[in-house]
Amino acid sequence: MMNKLYIGNLSPAVTADDLRQLFGDRKLPLAGQVLLKSGYAFVDYPDQNWAIRAIETLSGKVELHGKIMEVDYSVSKKLRSRKIQIRNIPPHLQWEVLDGLLAQYGTVENVEQVNTDTETAVVNVTYATREEAKIAMEKLSGHQFENYSFKISYIPDEEVSSPSPPQRAQRGDHSSREQGHAPGGTSQARQIDFPLRILVPTQFVGAIIGKEGLTIKNITKQTQSRVDIHRKENSGAAEKPVTIHATPEGTSEACRMILEIMQKEADETKLAEEIPLKILAHNGLVGRLIGKEGRNLKKIEHETGTKITISSLQDLSIYNPERTITVKGTVEACASAEIEIMKKLREAFENDMLAVNQQANLIPGLNLSALGIFSTGLSVLSPPAGPRGAPPAAPYHPFTTHSGYFSSLYPHHQFGPFPHHHSYPEQEIVNLFIPTQAVGAIIGKKGAHIKQLARFAGASIKIAPAEGPDVSERMVIITGPPEAQFKAQGRIFGKLKEENFFNPKEEVKLEAHIRVPSSTAGRVIGKGGKTVNELQNLTSAEVIVPRDQTPDENEEVIVRIIGHFFASQTAQRKIREIVQQVKQQEQKYPQGVASQRSK
């Protein structure tokens, strides 16, 4: 697709040749014609990177015949819809920070990082509606962040001009987004993008790129892939991350070609040893790659004739969730191992995404990557001082604000996505039961993990003393508002999965206890158990409300909820909703009447 640029604020004396010469002098040669009008002109660039370079180099910076020219994307009003481009983003900015910033102005359907040779980052953002994109344009234009000023443009939204295929969701129908599909797509049409990320020695980066980029262009052309070499990340590092986007076959072929280039370069520079293949993989997927008692890894080693090692868990942090899988062997052997390793990682990733999407149907608008709860949804721009300086796996996975989830399950009067704009929500206490052997993983070394988790969630998290020497479960006491409960419980479920406390193919199911006023227990059960049965059918959680339980000193009884994370969360919220309704009725009606109505 051509990138049409608008050149404005031109003097009447400017000619097409003037513009060609100016662009040429700035090493921005124009291949096509210059369409010159009175006071403005249009030019085309076939490549988005060249278009960005022209905007950044010329707009507001270059004078021609006494006037400072303006350069931007040429987007007709008809195509100014949901898509914007943000430039001049600090290169070290973490995705979570950008998440939060973008989410303030609406539901973000997609963010894709543009692979440019500029020092700063560029992203293309798609909002759910035209109005949200317009607000983001107005609010973020010129936004200052650490001495960087954001530059924002509309980019064409092809969805507006193209006719809608029959299967496309109509305006107002959010089903395609809720299922994680691109707008207008189907589950078959959209393949999950799971890139291969590898580390290459810095001294081989030049050889992989080649003179004037010819080698890397040849790789991408032959394999139909996109290869991002993050050579500007973490200057001085011994290794640089490379991200390869393609089909599984294209990814493996591109990886093989890169391995061959590195080995050839090593041979020519008299480096004796074989160059290992180093694959970066999220810790949440690595357990399933290894397999029970290491069987999967041993099988790959045996079949490919390689030696495979995986970096220590101690290298991980909440901001650096990746581990390094080092494969040693011949180029052919390493390439074969890469195919098998990626097959396992991709399968684990797709299973996780399937589970997320199935449960997210219960929770409209939910996307976990916005909260960073589950491993496979987590994409970050690494901190500048990270151990590997690894950049994000682009294109950035679609994410939305979590306001859709909270607005559907939490009453609006409690809080919005930004609690400081509202009255403080009520503190809730949830007791979550985890396997005894998982306590160390939740606490972390010298309590580091549990403190980090409490800060992230904005909750108080304590592990109750064991009730006896041989108990199989321990109680985690979580105190905080609804959003904090969601984050804290989600991270605990995710941690248990990552650390292999449950079988790779097994869902993490935990028991949670919440206390409700004894006077509302009957309402939670419903007539003949109707309400609790409906609740279980809706949420897939097991909900147990003991009828003969003696209330505690606060006249409260315990409701037990057993299920996976989404099931448990939905059940907790629905039960709280019932309790809230009863409280409102008690405030509305005299005491005697309220109790009669609740029976």
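Every residue, even glycine, has its Cβ placed from backbone N, Cα and C.
Residues annotated as domain 'RRM 1' in Swiss-Prot: 3-76.
Under 8 Å, Cβ to Cβ, and six or more positions away along its own chain, Ser11 (phosphoserine) finds Leu64, His65, Gly66, Lys67. Marked as phosphoserine by Swiss-Prot on the basis of a large-scale study or a structure entry: Ser11 (among others).
Per Swiss-Prot, domain 'RRM 2' is recorded for 82-157, and the stated evidence type is sequence analysis. Residues of the domain 'RRM 2' (82-157) grouped by DSSP class, helix first, strand second and coil last, total 20 helix, 29 strand, 27 coil.
The annotation region 'Disordered' is assigned in Swiss-Prot to 157-188.
Positions annotated as phosphoserine by Swiss-Prot: Ser162 (among others).
Taken from Swiss-Prot, the feature phosphoserine covers Ser164 (among others), and the record attributes it to a large-scale study or a structure entry.
Taken from Swiss-Prot, the feature compositional bias 'Basic and acidic residues' covers 170-180.
Feature annotation from Swiss-Prot assigns domain 'KH 1' to 193-258.
Residues or ranges marked as domain 'KH 2' in Swiss-Prot (evidence: sequence analysis): 274-341. For the domain 'KH 2' (274-341), the DSSP counts in helix, strand and coil order read 35 helix, 17 strand, 16 coil.
If you look up Swiss-Prot, you'll see 427-492 marked as domain 'KH 3'. Mean pLDDT for the domain 'KH 3' (427-492) in the predicted structure: 91.
Per DSSP, the domain 'KH 4' (509-575) is made up of 32 helix, 19 strand, 16 coil. Marked as domain 'KH 4' by Swiss-Prot: 509-575.
Swiss-Prot lists Thr550 with the feature phosphothreonine.
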Winner by Cβ pairs under 8 Å against the domain 'KH 2' (274-341), considering only 3-76, 82-157, 193-258, 427-492, 509-575: 193-258
The domain 'RRM 1' (3-76) - residue tally per DSSP class, helix then strand then coil: 21 helix, 21 strand, 32 coil
Other CB atoms, at most 10 A from the CB of Thr550 (phosphothreonine): 7
